[in-house]
Amino acid sequence: MDKAAVNTRNYGIDRLRTVAIFSIITLHCFPFFHANIPYAELISSAINQAARFAVPCFFVLSGYLYSRVLNTPNPVVGMARFCAKLLALYFLYSVIYLLPYNIWLNTVESPSGTMDSSRFWFYIWTQNYENFLFGGYKYHLWFLPALAIAAFICTTVAWIERLVGQRMGIFQISVGCALFIAGVIGGAYKNSIIGFDFEFYTRNGPFFSTLFFASGIYISTLRGDSNVFRISLWLIAFGATSHFLEVYFLTSSKTITSLPDYVFGTYFFGVGAALLAIRSGTDRDSDLLSRLGAYGLGIYALHPFIIDMLTPAFRAGSQVVAWQVIAPFVVFSLTAILVVTLARSRFLRPILK
């Protein structure tokens with residue numbers, strides 16, 4: 001995993017992007033949440049938490065690829081361009097989702113349902129600086145400013161590492177670790193004996209993203225190791241187990257009233273999956289999963305649009321088991337078709353790939 005590996009197209013990364021995006025779409029479809037079947041709540045919760053590796057993977061892989069910027073003569077310029085694009089996409093997609101496009105609300109709620117929904121969510125988005133700068137108009141857009149903040153922090157710390165002659169990534173991981181711990185005790189563990197209320201949604205901003213992004217940068221400095229594959233599997237197993245055990249403890253002790261975005265074990269879960277993708281992507285064979293991974297940004301950004309447009313289907317199939325199973329596949333397929341079609345335009349391609 002040296003500089004040459006980072007600069008070579010890694011199909012394993014593209015494949016994981018596709019798998020991770022599908023996992024996120026599955027999470028946002030809330031399968032079996034309203035299903036009238038035995039253990040529906042348990043099944044829905046298990047699917048929800050099993051998908052929590054996905055966003056950490058994106059941050060790790062972004063950091064891994066971003067390391068190329070830090071190895072340039074002037075990384076500050078590269079960082080500025082990187083962050084400017086992310087923030088531009090953040091506000092652009094927020095404005096796009098602000099448009100009253102979900103016409104189904106006019107039939108299932110009220111004649112003015114679409115406009116009422118746009119006004120309500122615009123109010124939520126602009127009511128305070130936290131939502132406006134870090135949350136986004138739509139529930140998934142928080143990822144973009146969080147990624148920009150992580151890049152800014154890691155680039156700044158990398159400059160300090162250069163000054164003191166420290167290996168790239170060590171200080172970045174230290175800063176990220178401090179932020180991550182603060183985010184967990186101020187998030188999932190907020191109401192526990194070790195918790196603290198920061199009065200800030202610690203999934204957003206630097207708390208969640210920085211450690212994963214810094215870990216990706218550090219992974220890019222490692223040399224190839226035959227044990228990486230085995231290590232990644234152990235990390236996934238340990239991370240997934242500890243993640244679910246923590247969630248079980250928090251829910252059974254009534255410490256939380258809703259499922260958490262992340263806990264301590266999520267770190268190992270996400271890093272292990274990302275490391276597995278990086279290690280397994282040395283082949284030169286492209287396939288459908290890797291080709292779709294190149295459209296990851298667009299599929300991630302536009303999948304809520306497809307979910308909204310399928311409002312009648314989601315309402316009608318809320319207790320239909322077959323729909324609960326196929327809904328994520330339907331949403332993913334329709335979003336991928338939409339994005340691939342739109343990306344044929346050279347004007348739209350930069351905001352979709």
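Along the chain as shown, residues are numbered 1 onward.
Positions of Cβ are set from backbone N, Cα and C atoms, glycine also.
Just so you know, TrEMBL annotations never went through curation; they're auto-generated.
In TrEMBL, the transmembrane segment annotation falls on 201-219 of the listed ranges 68-86, 201-219.
For the transmembrane segment (87-105), the most Cβ-contacting stretch among 169-189, 231-250, 292-314 is 292-314 (pairs under 8 Å). Of the Cβ pairs linking the transmembrane segment (262-280) with the transmembrane segment (320-343) and spaced 6 or more residues apart, fewer than 3 are under 8 Å, so the two regions do not touch. A contact links the transmembrane segment (139-160) to the transmembrane segment (292-314), because at least 3 Cβ pairs that are 6 or more residues apart lie under 8 A. Between the transmembrane segment (292-314) and the stretches 19-37, 49-66, 231-250, 320-343, the greatest number of Cβ pairs separated by less than 8 Å involves 320-343. Against the transmembrane segment (19-37), stretch 320-343 has more CB pairs under 8 A than any other of 49-66, 231-250, 320-343.
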